[in-house]
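*Asks:* Swiss-Prot feature annotations, pasted as is:
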BINDING   Gly79, Asn110  anthranilate 1 binding site
BINDING   Gly79, 82-83, Thr87, 89-92, 107-115, Ser119  5-phospho-alpha-D-ribose 1-diphosphate binding site
BINDING   Ser91, Glu225  Mg(2+) 1 binding site
BINDING   Arg165  anthranilate 2 binding site
BINDING   Asp224, Glu225  Mg(2+) 2 binding site
Amino acid sequence: MNNYLRKLVEGQHLTEEEMYKAGLLLLNENILESEIAAFLVLLKAKGETAEEIYGLVRALREKALPFSNHIQGAMDNCGTGGDGAQTFNISTTSAFVLAGAGVKVAKHGNRAVSSKTGSADLLEELGVNISSTPNEIDYLLEHVGIAFLFAPAMHPALKRIMKIRKELNVPTIFNLIGPLTNPVNLETQFVGIYKRDMLLPVAQVLQKLGRKQALVVNGSGFLDEASLQGENHVVILKDNEIVETSIEPEKYGFSIVKNEEIRGGNSKENAKITLGVLSGEKSVYRDTVLFNAGLALFANGKAKTIEEGITLAAHSIDSGKALAKLNLLIAASNEKLERVN
């Protein structure tokens, strides 16, 4: 590890292979916590490259729980977190809208790290059992159309690093790579990131991971979601080509909504917001979810245009299908799925 730390101190980038090997060392129980913390802070100070991100993703996926990966067409819409905006759980709420529109959603997530309520906290409050095994997750994806992958359970080797991340209390490379380490073999992905300068590197990593289509967004105000506040910077991966562009919410009929207007709270407060959106209540929360789910449906290919994606998202909610997916997941995740274990 000393060689890698020395390179980072000197401001040098690591190669993909060096980062892969460093990643395996980070997951080794014999490494000192001080070395892990130093590595994360130095890497953040230098700035992460696509090669470094992909190298670490390789190491983490190698050490993750094994999946059969027989499920075809799965998508994730997990964001990086780390924007400090304290918004409600936009991507988790949107996941049920996607599922209601017919997308298989493998939602990878965690408890709160830099926010009040993480996706796991919200789902637990709603009554979802977040402790599903890989076999159970496969079952849920096939029969319910949505499953939650609790990151610490999927990546047991990360236990010590999670503790150090919490103590550091600043975004690290692990915020960036969270959405990239989903152990399910995804075909498409919608990723919100808090660092605008990482849009292209993250898209390049998604390309290396073999995604058929993907959309990476940095929202107005550096939100790790698409924002109704103003211009959103976007990178689209399609047909193995990467295109950089920007998206204005007004073009799609939305009113401007400041990011402060969609702040969330604790898990109970955020659960109330999510249930309100899925129940069809008109609000700035609903509009934010429609925008994000619409973009995700476009990224998935379920919709040919963003406009069509927003229309499909609205139908998923207003038909009751999105809320039905939540209720199905609550019921199925709490069953004794002995037949699949």
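Each residue, glycine too, has its Cβ placed from N, Cα and C.
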*Asks:* Out of the binding-site residues Ser91, Asn110, Arg111, give me the one sitting nearest to Asp224 (Mg(2+) 2 binding site) by CA distance.
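*Replies:* Of all the candidates listed, Ser91 is nearest in space.
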*Asks:* Sequence gap of 6 or more, Cβ distance under 8 Å: name the residues on the same chain that satisfy this around Arg111 (5-phospho-alpha-D-ribose 1-diphosphate binding site), in order along the sequence.
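*Replies:* In sequence order, the residues whose Cβ lies under 8 Å from that of Arg111 (5-phospho-alpha-D-ribose 1-diphosphate binding site) (at least 6 apart) are Gly118, Ala120, Asp121, Pro152.
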*Asks:* What's the CA to CA span in angstrom from Thr87 (5-phospho-alpha-D-ribose 1-diphosphate binding site) over to the residue listed as 'anthranilate 2 binding site'?
*Replies:* 21
*Asks:* Compute the C-alpha separation of Arg165 (anthranilate 2 binding site) from Glu225 (Mg(2+) 1 binding site), stating it in Å without decimals.
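*Replies:* Each residue's Cα considered, Arg165 (anthranilate 2 binding site) and Glu225 (Mg(2+) 1 binding site) end up 22 Å apart.
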*Asks:* Based on DSSP, name the secondary structure state of Arg165 (anthranilate 2 binding site): helix, strand or coil.
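*Replies:* Going by the DSSP assignment, Arg165 (anthranilate 2 binding site) falls within a helical segment, counted as helix.
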*Asks:* Could you say which of the binding-site residues His108, Asp224, Glu225 has its Cβ with the most other Cβ atoms inside 10 Å?
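*Replies:* Counting Cβ neighbours within 10 Å, the top one is Glu225.
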*Asks:* What three-state secondary structure does DSSP assign to Asp224 (Mg(2+) 2 binding site)?
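*Replies:* Asp224 (Mg(2+) 2 binding site) sits in coil per DSSP, no helix or strand.
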*Asks:* Taking DSSP three-state, what's His108 (5-phospho-alpha-D-ribose 1-diphosphate binding site) in: helix, strand or coil?
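*Replies:* Strand, per DSSP.
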*Asks:* Which residue, of the binding-site residues Ser91, Asn110, has its CB surrounded by the fewest other CB atoms within 10 A?
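*Replies:* Looking at the binding-site residues Ser91, Asn110, the Cβ with the fewest others within 10 Å is that of Asn110.
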*Asks:* Among the binding-site residues Gly79, Thr87, Arg165, whose Cβ has the fewest other Cβ atoms within 10 Å?
*Replies:* Arg165
*Asks:* What binding-site residues among Gly79, Asn110, Glu225 are found with a C-alpha within 10 angstroms of that of Ser91 (5-phospho-alpha-D-ribose 1-diphosphate binding site)?
*Replies:* Gly79, Glu225
